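What TrEMBL says about this protein:
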{"type": "TRANSMEM", "residues": "124-144", "note": "transmembrane segment"}
{"type": "TRANSMEM", "residues": "156-187", "note": "transmembrane segment"}
{"type": "TRANSMEM", "residues": "250-272", "note": "transmembrane segment"}
{"type": "TRANSMEM", "residues": "350-373", "note": "transmembrane segment"}
{"type": "TRANSMEM", "residues": "394-416", "note": "transmembrane segment"}
{"type": "TRANSMEM", "residues": "482-505", "note": "transmembrane segment"}
Amino acid sequence: MDSLNALRMQLGEPSWREVLRFAAFCRFLTLVLQALFNAFIPDHAADAFSPPRLEPAGLGDQLVEWLLGGLSRWDAEHFLFIAEHGYIYEHNFAFFPGFPLALRVGAELVLWPLQCLLTLRSRLLLTAALLNSLCSVLAALALYELSCLVLGCRRLALLSALLFCLSPANVFLASSYSESLFAFLAFSAMSQLERGRGSYSTLLFALATAVRSNGLINTGFLVHAQCQDLISAPRPPRALPQALWRPLRLVAFLLLRALGVGLPFALFQYYAYGQFCQPHSARLIPEPLVQLAKDKGYRVTAGSQPSWCAWRLPLIYSYVQDVYWNVGFLRYFELRQVPNFLLAGPVAVLGAWAAWTYVTANLQHCLTLGLLWSKGRADEKARKPPPGFHSPRVFVYVVHCTALLFFGALCMHVQVLTRFLGSSTPVIYWFPAHLLQNREPLLWTQETVPEKVPVMCSLLGQEALKNPVWGLLCNWRACSGVTWAILGYFLSYWLLGLLLHCNFLPWT
């Protein structure tokens, strides 16, 4: 009953409805643009994973490919292949099973009536388009709710959610990648934790880990929340057994929740170990896929035992990232990678600027690791954190964002930093919203749209013009330089990603 009442309240809230409307519009526009770009711009002959099709394509399959083919580029082909055939090749284990499993379930159950018209591969691609459109809309709503809880300012929360709809990682949120599903699960888990629902949050964080490996770092949110609860709770009696009970219970809770979040990762590694390192009957693999393995040098599950099986801790994920993708500390720091560093430059600057701004404004709070902000004040009104980006509640999110930023810049292919941060941390949207709120005079008044607006903006209707982002875009010439920089970055990457990625051009 409480959940039903909460849903009714959300549906009646104008900001919540505006986020829903704008997110749905952006998803629709994304699908239309990728179809146009893919149809009229020739594909680049990229050296990417391209497995053979085992089923003959019919008219329906050709139509799906024409409409949604731009969503199957680069790593998307790995996810679609895994969803269709399972984990056959060793390098497939760089991609976690949560998203391919969701695609297979959707293709076999939801789109089961279309099996006479479409091959499994086409149904998987259609499922990916529908699932990611849904998840990106739900992620925007989850981010709005999380922002309301953490920032304590509905207008700032609205701006943050609207910026997520224009995310620089837009093409990856729409394509057959796992970013949309991960963002929805991660933001929802953070929101549940802010509401004090630790068990639900742990479950959602665990599901996020089944989708992407960087879900493991989300354990830090649970650790921080438990430590904060321990410090802010009333002091126990001085009896030694009862005094020891609280820290022991804390350690037990932390271990259980860390094991819960990490369980999908461990099970996935165990599955890979069983496929490659333990004797078992050879798996029947279609001949065209066996031939592809011979031509490309891929190791298959029924082949010889790989070297990582003899490791003390046999983790296939570490091996695949090292051998197949050359991922490692400072390995990407080469002169020929300068263009990729420039591509990741804006999001890196945004993340670093956000961390610097927060730390300089809350130095004492940061030195106490964000654990003592509610202590030392007598009245409840004084304990209430200030609203906005400088709220003490934001600390753990800034730490999370900074950790991802350093890891991505130093240990990963740096060009993936935009989608890595854009689907994992709300700070990438909170901080630009904070800058717009504080430095854009047009947002300081009730109306951001003048009496005379461009024709395109007038076609949107009065309801849409209440959207502050639409208002800024329709009044672009009067905006400040900060707005030009932020919206220019978001919109240019939003469009360039679609233009390049959907045609196998370098935007990965």
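Using N, Cα and C of the backbone, Cβ positions are placed for all residues, glycine too.
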Distant-in-sequence neighbours of the transmembrane segment (482-505), which means Cβ under 8 A and at least six residues beyond its ends:
30, 33-34, 37-38, 41-46, 48, 69-71, 73-74, 163, 166-172, 174-175, 346, 418, 432, 435-436, 439-440, 442, 469, 472-473, 476
Per Cβ pairs under 8 Å, the stretch of 124-144, 250-272, 394-416 packing most closely against the transmembrane segment (156-187):
124-144
If we skip the immediate neighbours and take only residues 6+ beyond the ends of the transmembrane segment (250-272), which ones have a Cβ under 8 Å from one of its Cβ atoms?
87, 93, 96-98, 198, 202-203, 205-207, 209-210, 213, 215-216, 218-219, 222-223, 226-227, 230, 314-317
